[in-house]
Amino acid sequence: MNECYYDKRMDFFYNKTNTDTADEWTGPQLIVVLCFGTFFCLFIFISNSLVIAAVVKNKRFHFPFYYLLANLAAADFFAGIAYVFLMFNTGPVSKTLTVNRWFLRQGLLDTSLTASLVNLLVIAVERHMSIMRMKIHSNLTKKRVTFLIISIWAIAIFMGAVPTLGWNCLCDITVCSSLAPIYSRSYLVFWSVLNLVVFFIMVVVYIRIYMYVQRKTNVLSSHTSGSISRRRTPVKLMKTVMTVLGAFVVCWTPGLVVLLLDGLNCTYCGIQNVKRWFLLLALLNSVMNPIIYSYKDDEMWGTMKRMIFCSSEDKSQDRRSSRIPSTVLCRSTDTSGHYIEDGIIQGTICGKGDLGDKGNS
């Protein structure tokens with residue numbers, strides 16, 4: 001029977017796995033990582049707090065898409081907390097940590113990243129359901145959205161706790177990984193492959209949405225007068241989708257691949273030299289999310305600016321400006337193209353009618 005090492009400190013496992021530890025973190029690299037990490041965390045806290053506050057404050061955002069958007073902001077806010085905890089428990093401090101504190105450090109990171117990923121997947125599915133049914137918003141009730149949000153966090157917490165629950169190498173050091181000295185290599189393979197599969201599903205969903213919108217727009221163009229906004233719809237949608245997918249690929253894929261290589265016990269891949277930079281890259285995704293999903297929405301951006309500058313603009317002017325997009329969209333002969341784009345990118349409300357009915361009228 002293998003001996004278990006629950007009472008050992010992390011220096012024991014770092015030495016056993018020949019992990020290149022944190023002595024390097026005393027130089028310029030540590031300063032750069034901490035500076036970037038601090039800046040990112042401050043931006044994450046401020047920007048995602050504004051997103052959540054905007055959804056709560058503006059009644060036009062009280063719909064499934066924006067509830068999920070607020071939950072994504074909450075997940076990214078949690079990612080900032082996880083990284084702050086990491087910054088105070090990394091480098092030379094890593095060797096002095098107890099097993100439980102190290103599990104907490106990594107569990108917070110795994111939970112936050114999983115929450116963001118699953119939330120992005122749910123948003124993609126929600127948009128897919130809406131667009132395929134030619135509606136601005138899905139038929140999800142508040143109870144169902146609440147259930148989805150609770151499920152997202154339950155999955156994220158469970159995934160973050162899996163190593164603590166037993167999938168670790170405390171009783172079999174021979175299967176310990178290099179990047180995570182008390183994680184089993186088999187768990188790293190499982191976790192990285194699972195997330196890459198979810199990423200692939202997201203790519204397929206967004207490509208399907210874009211192809212459907214482009215096909216629908218081309219069909220409608222033969223029955224409506226040519227307009228600049230209709231011609232711009234596929235291009236604008238492509239830019240938005242490519243921004244979302246490009247940010248996710250750049251920020252997540254390198255780290256997942258490194259974890260996969262470590263799980264496969266690749267001793268010649270030099271993963272120790274890039275691990276901290278790929279962690280910063282993964283954190284960058286939480287910085288970009290509020291920009292991508294909020295700045296693209298003019299009304300969201302306007303609500304956030306008013307909260308930032310505490311402006312007290314004339315209410316009638318505010319109501320008038322907020323109605324302009326919906327009036328244009330509802331009365332334009334190019335209605336369906338605009339509606340589909342807004343349903344994916346912005347979710348802007350434009351009456352209660354079905355998109356298909358408006359497109360045929």
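Heads up, the Cβ atoms here are built off N, Cα and C, so glycines get one too.
Here TrEMBL flags 30-53 (among others) as transmembrane segment.
Among the features that TrEMBL reports, domain 'G-protein coupled receptors family 1 profile' is placed at 47-293.
Among residues of the same chain six or more beyond the transmembrane segment (65-88), those with a C-beta under 8 A of the stretch's C-beta atoms are 34, 37-38, 40-41, 44-45, 48-49, 51-52, 55-56, 104-105, 108-109, 111-113, 115-116, 119-120, 122-123, 126-127, 130, 137-138, 142, 145, 148-149, 152, 156, 279, 283, 286-287, 289-290, 293-294, 347. Taken from TrEMBL, the feature transmembrane segment covers 65-88 (among others).
If you look up TrEMBL, you'll see 108-125 (among others) marked as transmembrane segment. Cβ atoms under 8 Å from those of the transmembrane segment (108-125) belong to residues 65, 68-69, 71-72, 75-76, 78-79, 81-83, 85-86, 148, 152-153, 155-157, 159-161, 191, 195, 198-199, 201-202, 205-206, 209, 248, 252, 282, 285-286, 289 of the same chain, restricted to positions at least 6 beyond its ends.
Marked as transmembrane segment by TrEMBL: 145-167 (among others).
A Cβ distance under 8 Å defines the sequence-distant neighbours of the transmembrane segment (187-207), meaning residues of its chain 6+ beyond its ends; these are 110, 113-114, 117-118, 120-121, 124-125, 127-128, 159, 162-163, 167-168, 177, 179-180, 241, 244-245, 248-249, 252-253, 256-257, 259-260, 262-264. Look at TrEMBL and you will find 187-207 (among others) tagged as transmembrane segment.
Annotation comment: TrEMBL describes 240-261 (among others) as transmembrane segment.
As annotated by TrEMBL, transmembrane segment applies to 277-295 (among others).
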So what's the mean pLDDT when you look at the domain 'G-protein coupled receptors family 1 profile' (47-293)?
81
